[in-house]
């Protein structure tokens, strides 16, 4: 295969690849590498051809010309067989197929990256939403715990408990509305279950209901609340001081017992132990809370 060396510079890369395939050379590398590889091969081939021609001329009488023909035919057959074994496509078909494969693989990689990115974003959003929900629940629970576990709430609960005890003791369940017979198993005798409702006539009795209730609200709720509003020594200066409220309630009831009639009226419906225990526990709770707040 005779190719002018000057024409290699004007050929494209695909043409150089075809020439390299025809010559049995490697097609890898840049265009300059292909050109250099073909040029070296052609120079070596021309050099070896000149040497063979000189040797054949010097030994033309001794050696028949069959040897050179055989060598040429073998090289030609070898080149043709290599050319036939490698699929050739016109106008750089191999290069275009490689580029298509690369584009398809790049598209698949980009799709995988997009799917991975979307799944990651979904997982991150779910994690953030779960964290926000847990944060809201924890804030609500902490706020509820702070509202319950303080001295002001404790004093309110104790006062409501005293009021409920007063209502339970003052209102009698003595008004009978029905009687349900319940027989014994295997016996004719039985017993009756009486259904009672509160005696509503207690609400029109001044001495048995309204006077003790007013004394309780006045002396054990309003007076201690007024003292706690005036004598408030807490740093944050809330509406009232639970410590002063408990101390005032305890002192007022202790001084009034056996000295004033209102205390005797209240004692008929609310036990002394409940009032002393509620006020004393409120004092301890408020002192402990103030110590923790100032520490």
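For all residues, glycine too, the Cβ spot is worked out from N, Cα and C.
TrEMBL: automatically predicted annotations, no manual curation.
Annotated features in TrEMBL:
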- 8-42: domain 'SAP' (DOMAIN)
- 42-56: compositional bias 'Basic and acidic residues' (COMPBIAS)
- 42-112: region 'Disordered' (REGION)
- 64-73: compositional bias 'Basic residues' (COMPBIAS)
- 151-171: transmembrane segment (TRANSMEM)
- 213-231: transmembrane segment (TRANSMEM)
- 243-262: transmembrane segment (TRANSMEM)
- 274-293: transmembrane segment (TRANSMEM)
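The helix, strand and coil residue counts that DSSP assigns across the domain 'SAP' (8-42) are 26 helix, 0 strand, 9 coil. Mean pLDDT for the domain 'SAP' (8-42) in the predicted structure: 73.
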